[in-house]
């Protein structure tokens, strides 16, 4: 009896031990799965698919949101030359649309320049149907390259590259970079040129294609039919700059009211006001004008200081290659071109409507003279690498001289 009981107990022990050993060393392990977490991981790891329209909407929405923050804050706090912007007041709002590093570097720097009270456009004015390309990388970074065509204010095109990433299931700006098309050739087609020009005009009629000395290559001439009348304009196939050396005696471009208000990069000396206007003004009005003159008198000293600060920002590296020197001259040209636009913004507040109309006509002559001078230097050097360098140098120096001339002789 005891023997049988011993055998029974031993059998039970061996059975339990064998089962435990099987479960521990032989049977496959089955871990508990968090189904909700697995679904989220699968969703995040799945490659994003976008078409061109969706990519453009993402970029447009993000840019609009960022610059809306700048615009609303400027209105709310009255930021300007006499009331510098406080980045900390808009930082948290910008973080809703841009990554932290980009916000604390690029957008912070932009904040100090954005409220310059000038006609410079800081928001990329790209064309979504000309040279718009996009790519989604394996790690779901959306890269977009766009073309910003030349305008009446800044007569040189630019290429922009944007990178956007998702954070908390929302697209945000990760980085952006741009460079001028000065000295480059993007081989713009006639169809592309028409799209660029038609975005701001009612109807276009292609006239001809011709070799432009101003453009240093091919240009496309169009007739513009708008509510203000007919006019002609030509666009360079190299860098989208607007040129006016076509063989036609008709007035190149009849300025619209909007263009007159915006202006371009040349200037003129304001005409003196008629003496009877001052003689007929009541004493209170004269006192008010005198007060306003005293208020703006400091602008000249302010901008003389700004010109000095701009000089300190110039690249003056020596003993470089021709390519490096060319890049430095292009950088310096853009530096002074920005200052020129800022000075123009101040002068615009000091000139009458008639003076502004004359201003636009005079500025076109100045641009033409400047560009012809740069072209002559380009031709003198034989159209090689050295030519591109001296051309950029000429544009830089003439633009810088113009800035000093305006502040010294014309700013009130």
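Including glycine, each Cβ sits where the backbone N, Cα and C put it.
Automatic, uncurated: that is what TrEMBL annotation is.
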Which range of 5-22, 23-40 is transmembrane segment, per TrEMBL
5-22
Labelled region 'Disordered' by TrEMBL, one stretch among 238-269, 270-301, 302-333. Can you tell me which?
270-301
Integer mean pLDDT for the domain 'Lysozyme inhibitor LprI-like N-terminal' (318-406)
81
DSSP-derived helix, strand and coil totals, residue by residue, for the domain 'Lysozyme inhibitor LprI-like N-terminal' (318-406):
77 helix, 0 strand, 12 coil
